[in-house]
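Here is the structure we will look at, set down as structure tokens.
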Amino acid sequence: MEKITVTLGERSYPITIASGLFHQPETFLPLKKGQQVMIVTNVTLAPLYLDKVTNTLEQQGVLVDSVILPDGEQYKSLTVMNDVFTALLEKNHNRDTTLLALGGGVIGDLTGFAAASYQRGVRFIQVPTTLLSQVDSSVGGKTAVNHPLGKNMIGAFYQPASVVIDLDCLATLPPRELSSGLAEVIKYGIILDKDFFIWLENNIDKLIALEPKAMAYCIRRCCELKAQVVAADEKETSGLRALLNLGHTYGHAIEAHMGYGVWLHGEAVAAGMVMAAKTAQDLGQFTQAETQRVIQLLKKANLPVNGPDEMQPEDYLPHMMRDKKVSAGKLHLVLPKGIGQSELRADISREQVYKAITSCINAN
């Protein structure tokens, strides 16, 4: 069992990583006998995990209710979040309740925002079941729902009480979802850790095959890196946490334009990271060889390295200008400056953005 702490003073919390955690009551601390919990999950995951988690909690005397939501990015909305509030109110959950997010990034983000909002804030626990949510979205307290005009535009910074990562969940993950998660894994190597990027180049086949030791190390390293960044810049005020958004400004444009769920989040981020690499290459801070290493690693992870055929370069910018990093009308982009290093830049022209996007339309 691995334990990592996200250090935020009185709001610090543990990340627990191991197999078989759903059968261990102590996994779900700080839940205690007599306390209420509302498990939020979706129709795909409920048959797989809901009974296991419910039984483990009920054996400890926890009072368990659940709400089962539809599955998909298109349901990460205020309308669906209202179903969570309805369930909480109908079951008379009060301020000492705990929401338990049992699912991937959509469930985690939506449940976290519901927890931040219900009766002005209740406790919640992240139980991520996808690789993407285990290595990224479950850690750090970013919670949100989507709006038709932009991804994650309505939300709050709200930290969980704990994060529980059961490695056994990956055995039921569809290959496309696994690859989507690997995009966020590769991101960490590009922006923060050259040695980890090299390790990924040498071990990507093991990750695709779900080799247990490789996967455990991979998830632990990603969580360590994310925890360090969140501890130093929780609310993205210094620019450090913004580095975690490599590829996301381009990627969110793809998701919004194509319709949420058509491209998985990691797929859109993968194409976006290539666009960011091409932009950095054009600026002379990333070599062609480094760009090719990124492209080849993404391809080995079965990820796209081009934007959608249906999108033209001019389709991206309106969505990109709604990005949360836009300030004073200027687009702020996270760009690599060598494998393992990155920076946030506000001096990128529209022409340079268009050039990078154009080079990623059926080009690689």
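Glycine too: its Cβ is placed from the backbone N, Cα and C atoms.
As recorded in Swiss-Prot, the features of this protein are as follows:
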type	residues	note
BINDING	71-76, 105-109, 129-130, K142, K151, 169-172	NAD(+) binding site
BINDING	E184, H248, H265	Zn(2+) binding site
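When other Cβ atoms within 10 Å of the Cβ of G105 (NAD(+) binding site) are tallied across all protein chains shown, the result is 25.
Looking only at the binding-site residues T130, T172, the densest Cβ neighbourhood within 10 Å occurs at T130. Within 8 Å of the centroid of the Cβ atoms of E184, H248, H265, where the record puts Zn(2+), the same chain has further Cβ atoms from L132, D136, A183, K187, G247, G251, G266, A268, V269.
Across the structure, H248 (Zn(2+) binding site) and G105 (NAD(+) binding site) place their CA atoms 15 angstrom apart. Around Q74 (NAD(+) binding site), the C-beta neighbours below 8 angstroms that are at least 6 residues distant in the chain are G259, Y260, G261. Between H265 (Zn(2+) binding site) and C169 (NAD(+) binding site), the C-alpha separation comes to 19 Å. The Cβ of D71 (NAD(+) binding site) has N42, V43, T44, L45, V106 as same-chain neighbours under 8 Å, each 6 or more residues away in sequence. The Cβ of C169 (NAD(+) binding site) lies under 8 Å from the Cβ of Y49, P128, T129, T130, Q134, each of which sits 6+ residues away along the same chain. Spatially, by CA atoms, the binding-site residues G105, G108, T172 include one closest to E184 (Zn(2+) binding site), and that is G105.
Cβ environment of G108 (NAD(+) binding site): A101, Q126, P128, S133, S137, S138, T143 lie under 8 Å away, each six or more residues apart in the same chain.
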